[in-house]
Amino acid sequence: MALVARSICVSYDEIAGICNNVSHRNFKKWVQWKNPFLFQDDARRNIRFNDRKLSCTKFIGASEKLQHSKSPKSGLISCGWEVNSSKVVSNAVIPKKWNLLKLKVVEVTAIVACTFFVMSSAQAVDALKTCTCLLKECRIELAKCIANPSCAANVACLQTCNNRPDETECQIKCGDLFANKVVDEFNECAVSRKKCVPQKSDVGEFPVPDPSVLVKSFNMADFNGKWFISSGLNPTFDAFDCQLHEFHLEDGKLVGNLSWRIKTPDGGFFTRTAVQKFAQDPSQPGMLYNHDNAYLHYQDDWYILSSKIENQPDDYVFVYYRGRNDAWDGYGGAFLYTRSATVPENIVPELNRAAQSVGKDFNKFIRTDNTCGPEPPLVERLEKTVEEGERTIIKEVEQLEGEIEGDLEKVGKTEMTLFQRLLEGFQELQKDEEYFLKELNKEERELLEDLKMEAGEVEKLFGRALPIRKLR
C-alpha cells in the first residue's frame, strides 16, 4: 500500500494548556496520537503554536527534543514542516478557525511527495509510480483518508510494515484494526479502480488441491445453523477469537453471517462482521465458491477435505481454501468448523489425515478462544500495559549492564547505576499512568469523543501509553 505523510496545523483551542502542563514525553505522545506521521527518523519537522496564552516550538528528529520558546503574540496559527533539515515543502499561515480539511486538500501534492523522504531507495521506483498514480487518479479519496482519524492511523500503521518479512500480513492486521468506510473507499480507488498499487503475485504457498482428496458428497442444507471456527492454520485470516458463523440456504446458495473479534493491544477487543455467499460446484460437491464480490473483487474457493454432520456434539467441517483479490493473488489457509466451541479430541486423527492430504500439519494449527467473554475491566487492561512497560525497562537495563561490563573504564564515573536507571524508569512509568488517568475525563476524553475513535485505534497510536475504554 502507498504511504503518505502530512503537515500539521493544531489550533490553540485543541491544545490549551498542553505545552505548559505536561512533560516532553506526554506531549510527544499527545502530538503523535493526533498526528502519527511526525515521528520519522529521516525527517525534521517544525510545528509552531502561537496564540495569546501559548507559545511553544517542537523540533522532532533523531534526538526528539522538546524546546519552549517565546514568539510574537498573534491570533493566527503558523504551521509547517521541513524535510532533510533544509527544504521547506509546506508552510502556511492561516486564520485560527480555518477548516483544516480544506488546507489538507490543497496540500495533497506535497503530502504524497514527502513519502519519498521516508522510503528506502530500493522502493523509490515503485513509490514514484504509486504516488504519481494516487495524485492523478485518487486525489479525493486520498484527501478524505488524511482527514479521517482511522484512515490516517491505518496509513501510520502501514509504515511500520515496510521491509518486514511479513509485510503483507502486517498490512492486513493494520486493516483489521482501522477498517472503516473511508479506508474502503481509498483502497477501492488505489487498488481496484485505478490499480495504483501492484498486486502481490501467487507464490504457490496454497495450491489448488487434487480433487481426489475432497469429500465425495456434501449437502449444503446440513450446514445450516451456528458453527465455531475452533482451529485455524493462517494466523492472519483464520485464528481470531470468538469466531461464530451462522449459515442458511438462500436461492440455492449458502449464506454465512460471520462474526469475529479483533484484539486491541491493551487486551480489549472489538467485533467485526461480514456476510458471504457460496455456490456449490455442480460437478464437485466438495468445492464451494464465493465470487462476484464488489470490494477488491475478492474470490474465495473452499475445498472441503473432511466432514461429519450427524447432529452430534463432534460434528465438524474441515475447510482448506485459497483466494485472490486486486491486492493479492494466492492467499490461503485452512480452518475447522465445529458445533462445539473447542476441538473434539476424538476427531483429531481424521483431521491429521485430511491436513496431510494438502501438505499441512494439523498439529501446527492454532486453537482459537471461543469463550466469547466480556471485555476485561479497565484495571486489568492498565495492569497489562504497565507490566509490558516494566518488562521493556528491565530489558533496557540489562542491555545497559552489558554495555557497562564490556567497557567499564570508558564509562567511568559518568554512568548511572542500574538501580538508579530502574528506579527512574518506574517513576516515569508511574507519572505517565497518573497523568493519563487524571486527564481521561478532561482534554483527552473530549478529543476522543470528537473523533469518535475506538479504544484500539487510540491505543495503537499511543504506543505504550495507557489503554482507554471504548467510547460509545
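In case you wondered, yes, glycine gets a Cβ from its N, Cα and C as well.
Keep in mind that this is a model prediction, so the values were computed, not measured.
Annotated features in Swiss-Prot:
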type	residues	note
COILED	379-462	coiled coil
DISULFID	CYS133-CYS151	disulfide bond
DISULFID	CYS138-CYS145	disulfide bond
DISULFID	CYS157-CYS174	disulfide bond
DISULFID	CYS161-CYS170	disulfide bond
DISULFID	CYS189-CYS196	disulfide bond
DISULFID	CYS242-CYS372	disulfide bond
The answer, for which of the disulfide-bonded residues CYS133, CYS189 has its Cβ ringed by the most other Cβ atoms inside 10 Å, is CYS189
Far apart in sequence but close in space: which same-chain residues, 6 or more away, have a Cβ under 8 Å from CYS161 (disulfide bond)? GLU167, CYS170, GLN171, CYS174
Residue from CYS151, CYS157, CYS196, CYS242, CYS372 whose C-alpha is spatially nearest that of CYS138 (disulfide bond), among the disulfide-bonded residues: CYS196
What is the number of other Cβ atoms found within 10 Å of the Cβ of CYS151 (disulfide bond)? 24
Candidate nearest CYS133 (disulfide bond) in space, where candidates are the disulfide-bonded residues CYS145, CYS189, CYS196, CYS372 and distance is Cα-Cα: CYS196
Sort the disulfide-bonded residues CYS145, CYS157, CYS189 by C-alpha distance from CYS372 (disulfide bond) and give me just the closest. CYS157
Cα within 10 Å of CYS151 (disulfide bond): which of the disulfide-bonded residues CYS189, CYS196, CYS242 qualify? none
Nearest by CA distance to CYS189 (disulfide bond): which of the disulfide-bonded residues is it, out of CYS145, CYS157, CYS242? CYS145
Among the disulfide-bonded residues CYS138, CYS157, CYS242, CYS372, point out the residue whose Cβ has the most other Cβ atoms within 10 Å, with all shown protein chains included in the count. CYS138
How many neighbouring Cβ atoms, not counting its own, are there within 10 Å of the Cβ of CYS170 (disulfide bond)? 17
Counting across all protein chains, other CB atoms within 10 angstroms of the CB of CYS174 (disulfide bond) number 22
Consider the disulfide-bonded residues CYS157, CYS196, CYS242 and say which one has the Cα lying nearest the Cα of CYS145 (disulfide bond). CYS157
Within 10 angstroms of the C-beta of CYS196 (disulfide bond), what count of other C-beta atoms is obtained when all protein chains are considered? 22
With every protein chain in view, how many other Cβ atoms are within 10 Å of the Cβ of CYS145 (disulfide bond)? 25
Between the Cα atoms of CYS242 (disulfide bond) and CYS157 (disulfide bond), what distance do you get, rounded to the nearest Å? 25
Measuring Cα to Cα, how many Å separate CYS157 (disulfide bond) from CYS196 (disulfide bond)? 19
